[in-house]
Amino acid sequence: MSAEPLPESPRHLAIAALVFGAALWGCFWWPLRFFSSQGLAGPWLIAAVYVVLAAPTLALVRWRRLRWRRDGKVLVALALLGGWTNVAFLLALFHGSVVRVLLLFYLSPVWSLLLAWLLLKEPLGWRGILAGALAMAGSILVVDHGAAGPWSPLDPDDFLAVSAGLAFAASNVLLRGNRSVPDRERAVAIWWGCAALGLGVAAFAPWPTHISGQWWLLPVFAWLWVGGATAATLYGVARLPVSLSAVIMPVEILFGAVSAWLLAAETVSGFEFLGGLAILTAAWLQMRRPTLPGPIATDAGGEEPGD
């Protein structure tokens with residue numbers, strides 16, 4: 001039986017958290033390129049950020065070992081999905097066009113819609129079908145640029161962005177389907193997944209040899225920016241229906257486009273604009289669907305003695 005919908009104040013707080021997280025992720029490209037200019041780039045930067053985040057949580061894992069034993073399978077799946085979401089997304093941002101990467105990542109509302117329909121039995125309806133068609137058409141416009149074949153210009157950054165969006169959608173649905181796992185365990189699982197996958201990818205990259213004296217900013221960036229974005233996103237996603245959280249997050253595209261235009265002089269082509277409009281229209285159609293109730297349990301209650 002579904003839980004009652006969230007009251008308005010907690011609901012507004014969850015929405016605000018998602019918007020805040022989207023703003024941080026949308027501007028994420030800027031600190032990545034800053035650290036790249038300081039000699040710490042690519043997979044090694046990603047691995048370093050998430051090792052800094054994950055290492056202090058070993059004490060939490062030991063303290064709450066009963067919870068980790070009980071929810072181990074869910075947390076491992078979340079670590080893999082959340083880890084790939086972040087690693088693939090950040091790798092795409094290093095070299096790809098900010099807006100293009102964000103648009104392809106935000107096919108995730110369509111993946112969320114389809115996965116929620118398949119796994120959680122959430123209704124699809126005519127809006128869902130139309131949203132899927134619009135999102136597919138939009139993605140073709142974004143990657144095509146008028147080429148002869150719709151998928152001919154796909155490059156590794158495109159594949160990384162699309163796969164990150166698919167993994168994000170799957171982790172979104174996983175969170176909705178496992179309501180008893182608290183926020184802290186979710187965040188820790190994702191950070192360890194990012195650290196493990198980041199180190200795995202970094203093993204195939206050259207070791208950074210010329211790191212400037214600005215390396216001390218890395219822990220600040222890890223805890224305040226990355227940690228804040230992760231916590232805000234998890235807080236919002238855990239307390240809102242898939243159909244609603246999946247359409248709030250694309251505000252990240254706006255933050256990314258404006259920041260890339262102001263700070264990196266990146267522009268948006270006509271094809272990208274039309275494709276982005278189609279993708280965001282698909283998201284809007286989902287938002288117009290009836291809201292499905294059911295907040296996920298959080299740390300505020302439901303703890304067992306000794307957890």
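Glycine is treated like the rest: Cβ placed from N, Cα and C.
Keep in mind that TrEMBL annotations are predicted by a computer and have not been checked by a curator.
Note that the structure is predicted; figures quoted are calculated from it, not measured.
Some features that TrEMBL has for this protein:
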{"type": "DOMAIN", "residues": "18-143", "note": "domain 'EamA'"}
{"type": "TRANSMEM", "residues": "12-32", "note": "transmembrane segment"}
{"type": "TRANSMEM", "residues": "44-63", "note": "transmembrane segment"}
{"type": "TRANSMEM", "residues": "75-95", "note": "transmembrane segment"}
{"type": "TRANSMEM", "residues": "101-120", "note": "transmembrane segment"}
{"type": "TRANSMEM", "residues": "129-147", "note": "transmembrane segment"}
{"type": "TRANSMEM", "residues": "159-175", "note": "transmembrane segment"}
{"type": "TRANSMEM", "residues": "187-207", "note": "transmembrane segment"}
{"type": "TRANSMEM", "residues": "213-235", "note": "transmembrane segment"}
{"type": "TRANSMEM", "residues": "242-262", "note": "transmembrane segment"}
{"type": "TRANSMEM", "residues": "268-285", "note": "transmembrane segment"}
Whether the transmembrane segment (213-235) meets the transmembrane segment (101-120): three or more C-beta pairs under 8 angstroms: no
Quick one: mean pLDDT on the domain 'EamA' (18-143)? 82
Does the transmembrane segment (268-285) reach the transmembrane segment (12-32) with at least 3 CB pairs under 8 A, where each pair is 6 or more residues apart? no
Stretch of maximal Cβ-Cβ contact with the transmembrane segment (101-120) [cut-off: under 8 Å; candidates 12-32, 44-63, 75-95, 159-175, 187-207]: 159-175
Below 8 angstroms Cβ to Cβ, which residues of this chain, lying six or more residues outside the transmembrane segment (187-207), approach it? 42-44, 46-47, 49-51, 53-54, 57, 60-61, 75-76, 78-84, 86-87, 91, 171, 227, 230-231, 234
If you count every Cβ pair below 8 Å, which range out of 12-32, 44-63, 75-95 shares the most with the transmembrane segment (159-175)? 75-95
With a Cβ cut-off under 8 Å, give me the same-chain residues at least six positions beyond the ends of the transmembrane segment (12-32) that come close to it. 6, 41, 45, 89-90, 93-94, 98, 102, 221, 225, 228-233, 235-237, 239-240, 245, 248-256, 259-260, 263-264
By DSSP assignment, list the helix, strand and coil residue numbers for the domain 'EamA' (18-143), in that order. 109 helix, 0 strand, 17 coil
